Amino acid sequence: RRHKLYREELNLTSPAAPLLLQPDASWLQFHLGISRDGLYPRSSPTVNRLLQDMQDFPTISADYSQDEKALLGACDCSQIVKPSGVHLKLVLRFQDFGKAMFKPMRQKREEETPEDFFYFVDFQRHNAEIAAFHLDRILDFRRVPPTVGRLINVTKEILEVTKNEILQSVFFISPASNVCFFAKCPYMCKTEYAVCGNPHLLEGSLSAFLPSLNLAPRLSIPNPWIRSYSFDGKEEWEVNPLYCNTVREIYPYSTGNRLLNIVDMAIFDFLIGNMDRHHYEMFTKFGDDGFLLHLDNARGFGRHSHDETSILAPLTQCCIIKRTTLLRLQLLAEPEYQLSDVMRESLLQDPLAPVLTEPHLLALDRRLQLILKAVQKCIDTYGEAKVVANDTTQPKAPAFDRVKLNT
């Protein structure tokens, strides 16, 4: 069935023109390299090849994305603000069964998110997705799918290859003679929310798809430190400084590495300034101590002039951190390995460089110091032995002691 669909996309009508799955295809090798340690091994040549393929391969189809979590009933979608025409992402397919999520440029790099914006109505930024991948790799988390920037010809690589009539219908020519399109949404789609080429070329991010859910099932789990998605509400963690004591009593946060992984995620989100981590995902294959996927980072890098310390609540309230994470942070605080310098060098590899403005890069150094100060405060209060955890495999709790999460 898949071969038939791809033959149609490539207009391969002759039965003598087979479409074979190449075992060395970068997408397949990326999927095969996923382990309980991360999405890819350290110094993986496959990742660099995958980034190059996403940059170079022509698209053979384009379509709207589907929110797989909502379709599977794996999340309480009433907790999430309804989608609007402001947000737009497309699924682009390539040869060798490759597939990537395309998020177009919505604002210029030097534009900061207005301080009166709530985090759940903020723009999604393509360069934040790219920068988040590089930062995740520098931190040695390896939990963000490979992401690369690319200039897309919206006419040839989206409009002319899509078979979705709704997507075709939202393309138009602007008064400046640029080719534009806007988002499919359940209410009020407006042309002022559109993205436009110049006149055809539009920059955006491409994030490699993970294996399909039927091959590699994933759980979507509410973040214990989820924020209130209303204009005036507050969650318990925002008003109760002892909230972590409650979390520690619930399995799987009561044992194993899950809580430590939540702290890792909070540190990552604080560095990029992402306040929108309402859920996290995990591969079911790796069990309760598997790594957390750091997906959907487009609301990061919005304000370089503000450090949202509430994002660090899991760290400051629980006062625990992995030893390996702390050692990596301390290394990146050293003058010869300064985080901003390492990020700047890493981001130069992307075709859309410079990906971040200099104030955003310098903000990383400032926020890193705030993290280290928070850890030191915990150590001064509770002692290093209780705060810094050796992140090794820990025994699982007995079955009768487990409280199931509401997923």
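Note: Cβ is positioned from N, Cα and C throughout, glycine not excepted.
TrEMBL entries are annotated by machine, without manual review.
According to TrEMBL, the feature active site maps to Asp276. According to TrEMBL, the feature ATP binding site maps to Lys103, Ser207, Ala208, Phe209, Leu210, Glu281, Asp296. Annotated Mn(2+) binding site per TrEMBL: Asp296, in sequence order. Marked as domain 'FAM20 C-terminal' by TrEMBL: 171-388.
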*Once the chains shown are all counted, how many other Cβ atoms turn up within 10 Å of the Cβ of Glu281 (ATP binding site)?*
19
*Where among the binding-site residues Ala208, Leu210 do you find the Cβ with the fewest other Cβ atoms within 10 Å?*
Leu210
*asked:* Can you tell me the CA-to-CA distance separating the residue listed as 'active site' and Lys103 (ATP binding site), as a whole number of Å?
replied: 17
*Cβ atoms near Ser207 (ATP binding site) (within 10 Å, other residues, all chains)*: 25
*Longest CA-CA distance among Lys103, Ser207, Ala208, Phe209, Leu210, Glu281, Asp296, per record bound to ATP, angstrom*: 20
*Averaged across the domain 'FAM20 C-terminal' (171-388), what pLDDT does the model get? Just tell me the whole number, please.*
92
*Any same-chain residues 6+ apart from Lys103 (ATP binding site) with CB under 8 Å of its CB? Would you list them in sequence order, or say none?*
Leu88, Lys89, Gln124, His126, Glu129, Gly204, Ser205, Ser207, Ala298
*Cβ distance under 8 Å to Asp296 (ATP binding site), same chain, sequence separation 6 or more: which residues?*
Asp276
